[in-house]
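**Student:** My questions will all concern the structure given below.
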Amino acid sequence: MLIFPLRVAHLEIPLWIPITLFAAIMQTWRTGLQTRLKGTLSAEAASFVRYLYALPLELLALLFLLWRFGDDPFIGTQPLFLFFCLAGGVAQILGTLFLVRSFHSRGLVTGTAYAKTEAAQLVILTVLFLGSEIQAMAILGIFLALLGVLLLSGQGFAFVERDFWRGLREPAARYGLAAAFSFALTAIALRAASQHGDPHLPVLALGLWMLLVTNTLQTLLQGSWLLLHKRADLRASLHQWRVAWPVGVLSALGSWAWFSGFALTQVALVRGLGQVDTLLVFLFGHRILKERLGRAEIVATLLIVLGALCIIAPDIHWHG
């Protein structure tokens with residue numbers, strides 16, 4: 001696997017950092033578009049379109065891989081690579097379904113708040129149970145950013161102090177936490193898949209190959225399930241192609257970046273830094289509405305920025 005750090009002035013920035021930021025932007029954009037489908041598509045159909053309409057872009061990716069690398073990625077594919085891609089794909093389907101169901105329960109903001117515990121769950125799973133080594137500063141940054149995200153998503157200090165715990169009794173909270181756990185398992189599985197891929201592939205090509213295999217399996221699995229159990233939802237997802245195809249394209253681009261990031265470093269770091277997507281959405285909304293930031297919002301912004309800096313600081317090197 002070939003990794004080329006970026007050099008900006010005297011700073012050497014690992015490739016996983018800009019890749020993760022790009023993934024966060026694509027995910028935010030895709031999720032926003034996906035919530036618009038809830039009035040016309042069921043939760044199952046709304047989650048399916050992100051895989052179905054990513055296929056055209058993935059076919060172009062397949063042609064690129066064949067042109068650039070021949071059949072080496074296919075010959076070098078190990079059974080464990082396919083297994084972990086399948087496991088990650090199934091977990092992502094479940095996570096997307098849980099997340100969309102949380103939107104149906106109480107809306108985008110509340111569902112996202114609980115789903116953002118993914119990075120914290122990843123720290124627990126990877127450090128305590130899988131024995132991964134993550135810098136203490138990075139772990140601190142992940143939880144600082146999470147606190148900031150909860151302040152923004154829950155709309156104030158009261159949510160963090162009281163409403164977050166009270167909300168655990170509600171369906172939106174359970175769906176959000178289940179989505180976070182599923183996405184955490186997705187990240188772990190795809191990190192494992194990257195370690196069983198062709199080691200001679202550049203990391204972006206490996207991420208592209210992982211995307212192609214995983215998304216194809218996801219489309220076949222969920223499409224078959226809809227065909228057998230919910231044909232009306234399958235027909236609706238095909239009928240609504242004009243509004244659904246951008247979701248698939250953004251999903252493919254975002255997943256490509258996420259998968260490449262997982263191949264480069266610890267998944268908890270990637271998903272921890274990815275929490276900045278909540279801040280981007282919030283600041284963009286305030287920019288459009290021209291509203292002043294409140295005290296809780298300023299504190300949340302500072303926490304997310306400080307958390308992001310703590311996450312990336314151990315990996316950035318200064319060359320005088």
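Every residue, even glycine, has its Cβ placed from backbone N, Cα and C.
The following feature annotations were taken from TrEMBL:
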type	residues	note
DOMAIN	175-312	domain 'EamA'
TRANSMEM	13-30	transmembrane segment
TRANSMEM	51-69	transmembrane segment
TRANSMEM	81-100	transmembrane segment
TRANSMEM	137-160	transmembrane segment
TRANSMEM	172-194	transmembrane segment
TRANSMEM	206-228	transmembrane segment
TRANSMEM	240-259	transmembrane segment
TRANSMEM	265-284	transmembrane segment
TRANSMEM	296-314	transmembrane segment
**Student:** Can you tell me which recorded stretch out of 13-30, 81-100, 172-194, 265-284, 296-314 has the most Cβ pairs within less than 8 Å of the transmembrane segment (240-259)?
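**Tutor:** The stretch I would name here is 13-30.
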**Student:** Before we move on, state whether the transmembrane segment (81-100) and the transmembrane segment (206-228) share at least 3 Cβ pairs under 8 Å, counting only pairs 6 or more apart in sequence.
**Tutor:** yes
**Student:** DSSP says what for the domain 'EamA' (175-312): how many helix, strand, coil residues?
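**Tutor:** Per DSSP, the residues of the domain 'EamA' (175-312) fall into 119 helix, 1 strand, 18 coil.
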